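Q: Okay, here's the structure, questions in a sec.
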Amino acid sequence: MMNKMVAPSLLSADFANLSKDIEMINESDADWFHLDIMDGVFVPNISFGIPVVEAVNKLAKKPLDVHLMIIQPEKYINTFKAAGADLLNVHYEACTHLHRTIEEIQNAGMKAGVTLNPHTPVNLLEDIIDLLDLVLIMSVNPGFGGQSFIENTYSKIEKLRNLIEKKNSKALIEVDGGVSTANSAQLYQAGADVLVSGSFIFKSDNPKNTIAQLKK
Ligand SMILES: O=C(CO)[C@H](O)[C@H](O)COP(=O)(O)O
């Protein structure tokens, strides 16, 4: 059975009032917190780092889903575990030894996810999908919030769902970038389990209500 989960992306939160937005997510129907870590090298932007993950972890009452948009993510596995990450997403494009990195994340006591950039085909995961807890499909080029959704994402989700079933994998499918109520129903229908949404939630008049709408 498919899930209908929502992970608000703190990238679009008000950093001057972060505790208020964390409290809003705690009280909402959201399932996870999504935290985007950008290094200015793997992606052309810098977001926030480990001290912010630690601070969020002190207040968050839901799991922390951490998306590493950084080179050499294997160097920071234990650091993010100590900071409070429950699920660690690394990019397929940033990992030379992906199998080893996934095992290290899981051995550190976290769920392991692999993220695919829009140009990366899902069939490249064929020989590792059975080990994964999650696959994050980027529906924008990573680096910035507020971009337009790439329509080819639906067919990528369908191909990934087929691969997951063929390989009897437990991996959840998460989608990130340009997600709103204009595409949420179709994304769940295509096979997505978890939707990440940033600007659509935080720029709305009633973010808690928007999160509830995204779960419908
Ligand atoms: O990973 C990200 C950017 O790299 C963000 O999580 C994603 O873009 C969500 O933002 P929005 O919902 O505003 O598109």
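Using the three backbone atoms N, Cα and C, a Cβ is placed for every residue, glycine included.
This is the feature table in TrEMBL:
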type     : residues                                                                            : note
BINDING  : Ser9, His67, Gly143, Phe144, Gly145, Gly146, Asp176, Gly177, Gly178, Gly198, Ser199 : substrate binding site
BINDING  : His34, Asp36, His67, Asp176                                                         : divalent metal cation binding site
ACT_SITE : Asp36                                                                               : active site, proton acceptor
ACT_SITE : Asp176                                                                              : active site, proton donor
Q: List the other residues in this chain whose Cβ sits within 8 Å of the Cβ centroid of the divalent metal cation site residues His34, Asp36, His67, Asp176, in sequence order.
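A: After dropping the recorded site residues, what remains is Ala7, Ser9, Leu11, Leu35, Asp65, Val66, Asn89, Leu136, Val196, Gly198.
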Q: Compute all pairwise C-alpha distances among Ser9, His67, Gly143, Phe144, Gly145, Gly146, Asp176, Gly177, Gly178, Gly198, Ser199, the residues listed as binding substrate, and give the largest one in whole angstrom.
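A: Site span for substrate, by Cα atoms: 17 Å.
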Q: Considering Cα atoms only, can you say which of His34, Asp36, His67 is the nearest neighbour of Gly143 (substrate binding site) among these binding-site residues?
A: Asp36
Q: Roughly how many Å separate the Cα of Asp36 (divalent metal cation binding site) from that of Asp176 (substrate binding site), to the nearest whole number?
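A: That separation, Cα to Cα, works out to 11 Å.
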Q: Let me know how many other Cβ atoms fall within 10 Å of the Cβ of His34 (divalent metal cation binding site).
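A: Here the count is 27.
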Q: Once the DSSP letters are reduced so that anything not helix or strand counts as coil, what is Ser199 (substrate binding site)?
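A: Ser199 (substrate binding site) sits in a helix per DSSP.
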Q: Return the residues near Asp176 (substrate binding site) by Cβ distance under 8 Å, restricted to its own chain and a separation of at least 6 in sequence.
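A: Expected: Ser9, His34, His67, Thr115, Leu136, Ile137, Met138, Ser139, Val140, Val196.
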Q: Let me know how many other Cβ atoms fall within 10 Å of the Cβ of Asp36 (divalent metal cation binding site).
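A: Taking every protein chain into account, the count is 25.
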Q: Taking 10 A as the limit, how many CB atoms besides its own sit near the CB of Gly178 (substrate binding site)?
A: 22
Q: As a test of the contact definition, list every same-chain residue at least 6 positions from Ser199 (substrate binding site) whose Cβ is closer than 8 Å to its Cβ.
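A: When sequence neighbours closer than 6 are ignored, Ser199 (substrate binding site) has Ser12, Gly145, Gly146 within Cβ distance under 8 Å.
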